[in-house]
Amino acid sequence: MSQTEFEHTHHHGRDDPLSGHELRDIKDAADLYQSSSFKLQIDALLPNVRPKESGRQQLDHFLFALRTHCISISSIAPMNPLAAAKVLAKQGVAVPFAFPLPSRDAKWKVAFEPPSEISVVGSWGNGIAVKKQSGSRFGVDLSVEMPEALFQEKDYLDGRFFHKKSYYLAVLAQSISTAFDVDTFYSSALGDPRLTTLVLRTRNGSTSYDFSKSHAEIHVIPVLSLSSPLLLSRLFPSHPNVRIPSSSSPSPFATPIYNNAILLSTVAKEALISTYGLKNALPAFHDAYTLLRVWANQRGYGDGELCVRGFEGKGSFWTGLLRYLILGEELVGTKSGSAKLRKPLGKGLSSYQLFKAALDFLAKQNFGETPVFTKTTNGHRCPPEEYITHHPAVFVDATSTINFLSDVPLTSLDLLSHDARETLEQLSNPGASSDAFANCFLKKRFKLSSRFDAVIRQGISFFLVDLSQASRNQSTSALVEHGSSDAALLTSIASILRRGLGNRTQAIAILQPVTPCRPISSAESPSTSTVHIGLIYDPAHAFRLVDHGPSVEDQDSNVAKEFRDLWGSRAELRRFKDGRITESVVWDVTTSDERAHIPVSIVRHLLQLHFGISAKYAKTLQTPFDSVLRLPDDVRRLHRATGGYKAALAAFDGVVRDLKALDEQLPLALLNVSPISEYLRYTSTFAPLPIPASASTEFPESLRFLPTIPIILEFEKSSKWPDDLKAIQKIKLAFFEIIAQSLMTSNPGLKVSVAIGNSSNPFQGCAALEIFTTEGWSFSAFIWHDREATLLDRIIDPSKMFIGPSDQKYNAWEQREAKVAQELYTRRFIHAPRHHRAIANLCHKHSAYSGTVRLVKRWLAAHWLLQTHVSEEAIEIICALPFIGGKQKSTESAAIVPHSKERGFSLVLEFLTDWKWEEPLCLPLYEDDSATAPEVWTSNGPDAVAVHRLRKFARTASKALHNSATELDIKSLFIHPTDDYDIVIQLNPAVLPRYYQNVNAESSVWTRDSHLGITESTPRPGFDPLPLFLADLQSTFTDTLKFFADPFGGDRIGAIWLSSLGTPRSFRALAGFSSKPLSKEDEAKDKGRVILNRQAILDDIGRLGTGLVQKITVRE
């Protein structure tokens, strides 16, 4: 029963008709929310992110006392600003003057008079406050109106208003800190001293004014009255209001951000009244605002672990956004010359509809091209052209006074638009196993490795040397405009990177910690401590090799000069194949890995060129991740033959051509050759390498692994196939013999042989055709005959025979063997080709998918789980989740799709951390979902032990990626701890042909006596003693031990005793494990009982591994 139905049952009688409101709630739950649980989750969320009533009384008591005290503070006579600051400094209070600092010969003075009005404003004043991130307190904005007598008409010039405001705030700080038992701090949003406020927090142990239960802090904000002497017309964006005599600027410069900062001190009361009116006129406003703020806070658009540049202290933006959607907009022109009027939304919308409307607007709005002017009562106060000309982004409030986005870089707005698109995609296309509600409102998006395709983080040295130097190099005009050197630098970085990367990225994010509070004895805000630059790629353009500029005919134009200034020495004239001669920047790469690094290389180049920030301090995770998928350099030098996926596919095409050419020599025509190998779908951990027979003797044993590539041969149907499984296997052998002879006759370079497996199953096809090409590739072919499935079904279930009961009777052992053969047949001939096609298509559709799968396989293998407990096909399906999305397949351009293997790897780790393996995972991966058998790739694992280990490793790796950012040693993620294994079996690496793939491979193994004893001229395709030995151990000790190993060059095998064998038990024959009687001391208590004979098992393992096992370590 849904919550709506529950309320209805208890409010009305059973036969009472539903009201219109109740009917609408039911319809919304089904249509709008797509599920009743989503609506119930929202209903449960809202009260938990709002202030509790329990602490309001103590807070109100303190606010009344604070108001009484502030209006009774004694006046201070006018005096020189520096002299006044010196007086306060003696009392331990600094005055947070803004730049340009006041001088000793200033003709104006600062003074203090009691405030003319004190009001609670902002979200707390309207009762719409929302909980912040990371346990931050609610903010109670207290506007303190400074008397008009303190100001003069021209105080808007040269920072005089900000100096008087700072002094006023410092006097309040000194008086409040003396009179009340509270902690006092300064806080400057965005590090801008012009936006400094006084923060009051309850002091631990305070008994007089303890408002800690409210979980709030008070922000004292000095404001101007609307009737102040300052002329608002002088604060329009185009007006130059700062004069710097020593400046090298030839003429006054416009100060739109400076002017906007003054205007912010005039609108607090108007915003309070306007929001109050909206809240009363539109019942859904409060809930919609709450949902929007929760969504924004989880993504860094507010106070939290990291804040998107420009959105710190921008709470008014979100109320302004909803006000704009509800009221509509003023008609103005756009930068492109068009005029467009947005109609207001209806007031009958629900909170969720209003929330989605806000996201839809953010997703589609290009603030850099289309300005936004909220509908006003009396029209524009300032000509719209001034905003459009002097601000990169324009969003003017309903008072036609404030531009919310005056100091927000366009990069941050691009990210906001991207996040809105991503959320809308998740809400409209929720995955079968994903929680759309949690993704939207509960999940923090501060794990940068899973949010961005590339993350560049400047190290500590960067801030101690390069950042401080770059900040000092900012021009005086930039410093005046942005308030601090750090703010000016980050704004300039955002602008340069956006120009340089262009359409290579969908969004560029500059994130930094929220500016911390500081003691009132400190005038300056702390410098920026950490900066993260996040890139979200546009896959269509991110990795292009050339950036084209203006043509040779436009060499003297301003566009050409800007292009050369942007790129420096990298810009050069080039002639292209089509005859064009243009300014261009070419990024030289030699491998696909280097090509994937082009956007990061651009960022490093631009930071070095324009800001003198050394590239060695701009760190990223990409290069370390590349190294774990790359073979050692000396191994690659030994493999002189050209390898890789394209070479493997070319070799496969050649084999198909050779097979197709044999039609006249075969009794049945070959219809199709299907690949089913990870080496032919770009998902093998290491790119395949061939070993030509001519070069085979040059490789030592530890480098001689040659992968076998399985393929499926499908012949035309024929009624001449026998109706007996054993006879069918013999016919297949005859086919293989004919094909082998024909291939070697027609292609003298090929070596073809028939391989017979050692399976004892009479119904299982254990023969294969081994094809070894002249280039050194090895293929293993199997023949698919669809009649086998029917015959196996009849053995397993004789009732499926259409004719009368057969004389042939099958015992239970034969039926079990038939089930095993049927599983292999279904997996190899039915599901493997379908799976291969789907994964290959996904690799072609999503450029980052292949790398993601390879990284996850490498990580899972390094932790001894791949193949042994988790199949490679299951991992390929799990890795598809971030790329496919929900019930409908996502496109390459979808916002939720990762475009780098590092981001894909991080997303898969997050999924593995929380996913419940016992629940099904349904993805629209295959073209025919009706034939899906979800258990086919997980029938042999993982079990509970493997799942527990997998979650533990995923949780540890995900936490390391999040906490350490780019200072993490990536290789440490792939180092497997062995402390929790009962047994560790050390193998001899010199006889392991895949040892060179080991995470910690030592080159001395293959360089020492590298050719000793090597006499074979032909490689042994697919031969690897580790999985063979491991299979023997698993079959022999299946009731005793559970084994783990790294299939990629692992030289150790870990094992744990099964917990069920830890206690004595009664002796019985065929118990499944080696046992021994209890010791004499224990025999008296448990007579006739036995315990596990661990030493005998260890001895058996040593005998099985003679020549392979070096030592066995037992953990006591």
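Placed from the backbone N, Cα and C atoms, the Cβ positions cover glycine too.
According to TrEMBL, the protein has these features:
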DOMAIN    140-276  domain 'Nrap protein'
DOMAIN    284-444  domain 'Nrap protein'
DOMAIN    450-611  domain 'Nrap protein'
DOMAIN    626-844  domain 'Nrap protein'
DOMAIN    846-928  domain 'Nrap protein'
DOMAIN    979-1112  domain 'Nrap protein'
REGION    1-21  region 'Disordered'
Self-check item: Closest-packing stretch to the domain 'Nrap protein' (846-928), where packing means Cβ pairs under 8 Å, from 140-276, 284-444, 979-1112
Solution: 284-444
Exercise. Across the whole of the domain 'Nrap protein' (140-276), what does the mean pLDDT come to? Round it, please.
Key: 89
Exercise. Tally the residues of the domain 'Nrap protein' (979-1112) by DSSP class, grouping H, G and I as helix, E and B as strand, and everything else as coil.
Key: 40 helix, 29 strand, 65 coil
Quiz item: According to DSSP, how is the domain 'Nrap protein' (846-928) divided among helix, strand and coil residues?
Solution: 40 helix, 2 strand, 41 coil
Quiz item: DSSP helix, strand and coil counts for the domain 'Nrap protein' (140-276)?
Solution: 59 helix, 28 strand, 50 coil
